[in-house]
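K.L.:
Structure below; questions to follow.
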C-alpha cells in the first residue's frame, strides 16, 4: 500500500526566473544609450530653464507685434483655402493611384514573384526616406514654380506610407477567397478583383484620409520653396515681418487642420464600423453608411440592386470625380510645362549629379550631427511630456470620463498645429538655431506620441486587469502590473517611430532657421548648387534608413 504525502508549503521551491534573452539585453542597452544620447543632446544644444526664461521678453514682444491678427478678406481667404485643399487632394489622389499597384506587388498573396516583392518594398522604403521638401526642390526645377511640383512631391513621398499600409492590410486579410478563385482557374487579375475590393475598401479609404491630414500640414512647409496655397502666403508675410498677417494665416491653418482631422476621423470611424454590421445611433457618418441596411438579408443577385447603400457608393465616386475636376481647375496645371519638364528630365538630373559637398564636407557632417541631436533631444523631451498626457487620455487608465476626454481634446488641438508654425514662433522668440527646432518638435511630439500611447493602453486585454482587481489589487497595482506591462512593447515602438519622424522633421524645419542640415539644404537650392542638394539628400537618407533599421530590430527584440 502506497502512502501519499503532501509537501508542506515550506518545502515548495519557487522556480528560478528565466534568464533574459540576449536580444532583450541588447535592446535594453540600446534604449539606455538612446536616453543618454537624448540627455547629452539637451545639454549640448543649450536647452535649459535659463534659456527659456531669457526668451520671455522676446515672447512678450512677439505677441505684441502679432496682435491684432490681420486676416485677409473673405474672398482671398476662401481662395487660399480652396487652393490648399486642391493641392492636398490631388497629391493624396496621386499617391493612392500609385500605391495600389505597388502594394499589390509588395504583398505576399498578390505579388508577381519574390523579386517584384523586394523591389516594391524597396520603393516604399525609399519613398519614405526621401523628404517631400527635397522632391519639391527637384520638381520645381523641372516644372517651375506653382502647385504642380508640390502635388507630385507630396504624392510620391506619400507612396512610402500608403503603399506599406496597403500591403500590410492585404497580407492580414483572409486569403481563402483569393485561393478559391485561384483553384477555379481564375487569373491573377480575377483573383484580385474578386477577393480584395469589398473587404479592403474601408481600410483603403481610411488610410487615404489619414494621409490627407498629413499632407495638409506638409503643404504649409512646401510654401517656403514656392508651392502655392496658404503656406506660400505665410512665407511671403513673414519675409516682410508682417507678423499680424502671417500669424492670422497660421491660425487659419490650425483651424483647417483641426476641422479636417475631426471630419476625416469621423469618416474613418464610420467606414470601419459600417463594414458588415448595422450600427444603432453613432455619428452622422454611421447613419449615412448604415441607413437602410437590414441585418440577415443575404439575397443573391447577378446584378446588384440599386439599394440605398449602392446609391451612396455611386454618389461617393461621383463626388470624388467632381472634386478632382474642381481641384485641377483651381490649381491650373500646365500640361505643356509638365510634358516639357518630363522631356528635359535628363538635363535636370545632370544638375544633381555627381553629388558634391561644395568644398564643405566637414560643415555638412557637423550640421548632420546637429540634426540628430535635435531629434534625440526633442524625442526625449517630447516623451517626458507625452507619456503622462497619453496615460491620462486612456479610458482604462483613468476612470473619470471628464479627465480623459479633456486630455483627448488637448491632444487633438496640439496635433492640429503644424510643426512649421511652432518652429516659426520659437525662431522669433528664441532666435535662429537649434533651440527653436528642438522646442517645436518637442511640442509636436505631444500630439503624436500621446495619441499613440493612449490608443495602445486602451487596446490592452482588460480581462487581465479585471483578474487582478478580483484578487484585491489596487488601481495603481493594476495599472503598473497589467495595463502598463502589456503596453510597454508598443511604447518602445512608438518612441522609435517618433525618433524616426523627428529626424525627418528636424531636417525640414531647417528651412525656417531652426538649425541643422535643412538650413544648408535650402541655401544650396537657392544658389542652384543642386549637386550639394544631392549630397545632403544622401546623408539624410543614410541616417533615416539606419534609424528605421534600428527601430525594426528593437520592435522585434521587445515583443
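Quick reminder: no glycine exception, Cβ is built from N, Cα and C everywhere.
Pasting the relevant annotations from TrEMBL:
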- 81-264: domain 'ABC transmembrane type-1' (DOMAIN)
- 368-551: domain 'ABC transmembrane type-1' (DOMAIN)
- 1-20: region 'Disordered' (REGION)
- 21-40: transmembrane segment (TRANSMEM)
- 85-106: transmembrane segment (TRANSMEM)
- 146-167: transmembrane segment (TRANSMEM)
- 214-235: transmembrane segment (TRANSMEM)
- 247-267: transmembrane segment (TRANSMEM)
- 314-331: transmembrane segment (TRANSMEM)
- 368-394: transmembrane segment (TRANSMEM)
- 406-429: transmembrane segment (TRANSMEM)
- 506-526: transmembrane segment (TRANSMEM)
- 532-554: transmembrane segment (TRANSMEM)
K.L.:
Within the same chain, where does the transmembrane segment (532-554) have neighbours whose Cβ lies under 8 angstroms from its own Cβ atoms, ignoring anything closer than 6 residues to its ends? I mean 6 or more beyond.
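P.N.:
Counting only partners 6 or more residues beyond its ends, the transmembrane segment (532-554) has Cβ contacts under 8 Å with 27, 30-31, 125-126, 128-131, 134, 137, 352-358, 364-365, 368, 371-372, 492-493, 496-497, 499-500, 503-504, 507, 517, 520-521, 524-525.
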K.L.:
Taking 21-40, 314-331, 506-526 as candidates, which has the most Cβ pairs under 8 Å with the transmembrane segment (406-429)?
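P.N.:
The listed stretch sharing the most Cβ pairs with the transmembrane segment (406-429) is 506-526.
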K.L.:
For the transmembrane segment (314-331), find every same-chain residue at least 6 residues outside the stretch whose CB is under 8 Å from a CB in it, and list them.
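P.N.:
Non-local partners: 82-83, 85-87, 89-90, 93, 146-148, 151, 228.
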K.L.:
Please give the sequence-distant neighbours of the transmembrane segment (21-40): residues at least 6 beyond its ends with Cβ less than 8 Å from one of its Cβ atoms.
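P.N.:
Distal contacts: 376-377, 379-381, 492, 499, 550, 553-554, 556-558.
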